Amino acid sequence: MRSIWTDIKNIIQQPGQGLLKIIIANGAIFVALMLARVTLLIAGKSELFDAFFTQVSLPSSLDLLIQRPWSLISYFFLHIEVFHLIFNMMFLYWFGIIIQDFIGNKRLVQLYFYGGLAGATAFLLAMNTVSFFMAKGPTFLNGASAGVFAVVVAAATIRPNYQVHLLLLGQVRIKYISAFYVLWSFIETTGANAGGNIAHLGGAILGFVFAKNFLAASRPQAIFEIKIKEFAQAVHQKVQPRKELETVPEEELNAILDKISQSGYDSLTDFEQKRLFKASQKND
């Protein structure tokens, strides 16, 4: 247990660990909420928890939103069900890992926050302007799904042909996984969790726009980054280092890859770019 706390402390203190910090924050808030919920339930004061939770959840009512502006951000760190948290954090980690080396940790954190805000915007617009959703009455939004959808769609836009292994299905390109979840959320906008699924779509749209802007601003080097990432994955999957890479020491290569992970490809010096290119040529 002490080792776990030490690892968490190290992650929090280290720079360039934005993805893991988001996951830790969501997990810590969930644990705190559940402890408070159980304690107040045993004490016969469950209404206090309900009152607090609605204060930090995003209301569909604009009048309530004016009174609780913090809910625009606090809502996407809230989970009331453990499986909601687990699935959100799993998808955030899996897809975040895929693109963090391209966009950098700082942009990845921004993407999560922008996705959450885009989800809130879509939720508020739909619940206050579309008669079908307005008829459902006042509701509240919570969960990281909008931010997660932004990361998922951005990853599928930047690396559409990246494959993951799914049980029973085998290797599947992430563009198909992303498309399935976006389509499913659209279908579910007529269901019981209409507001949540609208937020998913808002996050998805933001993720797509974010990724397209990133690619447009960084071409053609973004394509080169993808090649480098695939090369790096191949290197780390090898049990024994290949002799062809001896001209670029593994320690130097790892340091360059870590720098890309933390700050993106743009942060590399000309010398580091040349060393990375030389290593990739040796791997071909």
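Heads up, the Cβ atoms here are built off N, Cα and C, so glycines get one too.
Bear in mind that TrEMBL entries carry predicted annotations, made automatically and left uncurated.
Here is what TrEMBL records for this protein:
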DOMAIN    69-211  domain 'Peptidase S54 rhomboid'
DOMAIN    250-282  domain 'DUF6576'
TRANSMEM  20-43  transmembrane segment
TRANSMEM  72-99  transmembrane segment
TRANSMEM  111-134  transmembrane segment
TRANSMEM  140-158  transmembrane segment
TRANSMEM  165-186  transmembrane segment
TRANSMEM  198-217  transmembrane segment
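Beyond the ends of the transmembrane segment (140-158), by six or more residues, the same chain brings 26, 53-54, 56-60, 75-80, 84, 88-89, 91-92, 95-96, 98-99, 102-103, 108, 111-116, 118-120, 122-123, 174-175, 177-179, 181-182, 185, 195-196, 199-208, 210-212, 214-215, 222, 226 to within a C-beta distance below 8 angstroms of the stretch. Where the transmembrane segment (72-99) meets the stretches 20-43, 111-134, 165-186, the count of C-beta pairs under 8 angstroms peaks at 20-43. Break the domain 'Peptidase S54 rhomboid' (69-211) down by DSSP state and the numbers are 108 helix, 10 strand, 25 coil. Counting Cβ pairs closer than 8 Å to the transmembrane segment (111-134), the top stretch among 20-43, 165-186, 198-217 is 198-217. Remote same-chain residues near the transmembrane segment (198-217) are listed as 102-103, 107, 111, 114-123, 126-127, 133, 141, 145-155, 157-158, 178, 181-182, 185-186, 189 (criterion: CB distance under 8 Å, separation of at least six residues from the stretch ends). Outside the transmembrane segment (165-186) by six or more residues, the chain places 95, 98, 149, 152-153, 155-156, 159, 197, 200-201, 204 with a CB less than 8 A from a CB of the stretch.
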